[in-house]
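Asker: According to TrEMBL, the record shows the following:
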- 224-371: domain 'D-ribitol-5-phosphate cytidylyltransferase C-terminal' (DOMAIN)
Amino acid sequence: MGVPTPKQFCPILERPLISYTLQALERVCWIKDIVVAVTGENMEVMKSIIQKYQHKRISLVEAGVTRHRSIFSGLKALAEDQLNSKLSKPEVVIIHDAVRPFVEEDVLLKVVTAAKEHGAAGAIRPLVSTVISPSADGCLDHSLERARHRASEMPQAFLFDVIYEAYQQCTDYDLEFGTECLQLALKYCRTKAKLVEGSPDLWKVTYKRDLYAAESIIKEIISQEICVVMDSKEDNKHVGHLLEEVLKSELNHVKVTSEALCHAGRHLQQIILDQCYNFVCVNVMTSDFQETQKLLSVLEESNLSILYPVVVVSVHFLDFKLVLPSQKTENLMQIKEFSKKVKERNILLYGLLISYPQDEQKLQESLRQGAIIIASLVKERNSGLIGQLLIA
């Protein structure tokens, strides 16, 4: 990775990578316990991550100096002979890498189901490159036929008794230099692992560039829904609904919904519970931010922004012929002040002024430009643009 921070703690959207992996596992209700092996020097860091991001079902054990020693430490914590432990021995244990944050439930279910039947199972992927073996003098000795081989990935799953026995029997050499858990099950328990085809999302964050790729994927995932919040008195011909229609037309791959803000209705609460991370608050012919402040209060109370940054675009439709330049400046300063406050809660607030001309064609063009800007803000989630005034 080439950075001083252990890669599982490297930030993505200001949140440690391992937190995304834990979240992916926590979503799976049938996983009873999650055991994290962490070095003693990073134990407090890990505890603070669990507390800050409200992770559940997590137990920590001290890691070893190698991969296999760390896994063995985790297995020991799950064994029945541990006194005063809140953990209990499972039928099946899953072994996963902290730096594979995009694991899906269907892959976990496949390896667990296969492990229950065969004793061991692991996800595999086609090889991207051909594997070659060099000779002692640095020349090509032979190459493997790529179509006949696969890359071993995570997650892997085992009957607990199988993998625990394998680790109890394995040598110090295995613990020091080995990397493949499936091989230990085969070598010491004669258990042939069932190989399960994994998805492309199982890749491992290994190099620094992978952090940027992971960030891009996460941004893509959380930018797939936008909620347009507007005054409940607006009829379907008003600009709030017109903006909603233009957003749907311009962003055909994004789910666009609308909701009234009055009394923070149940529908809006449900949208928040369903974890929509993008909101457009519509203000018509007004420069104040009362409606936006109401929305921000609702979002702050919900704690939605604990896991991902929430984007709020406060849109103001104004007749620019009647608005003095000083009023625009005042709007800019006002939105900047709000932005600074809510940024501490991981909410990215932007102000967007859209010209509200009487000409229908010009209005549609203003709406289209506004939709493009909103899409960019949602997709990029650039905290450096905080409070910037954008005029369509």
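From the backbone N, Cα and C atoms, a Cβ is placed for every residue, glycine too.
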Asker: Mean pLDDT, the domain 'D-ribitol-5-phosphate cytidylyltransferase C-terminal' (224-371)?
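Answerer: A mean pLDDT of 83 is what the model gives the domain 'D-ribitol-5-phosphate cytidylyltransferase C-terminal' (224-371).
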Asker: For the domain 'D-ribitol-5-phosphate cytidylyltransferase C-terminal' (224-371), jot down how many residues DSSP puts in helix, in strand and in coil.
Answerer: 70 helix, 37 strand, 41 coil
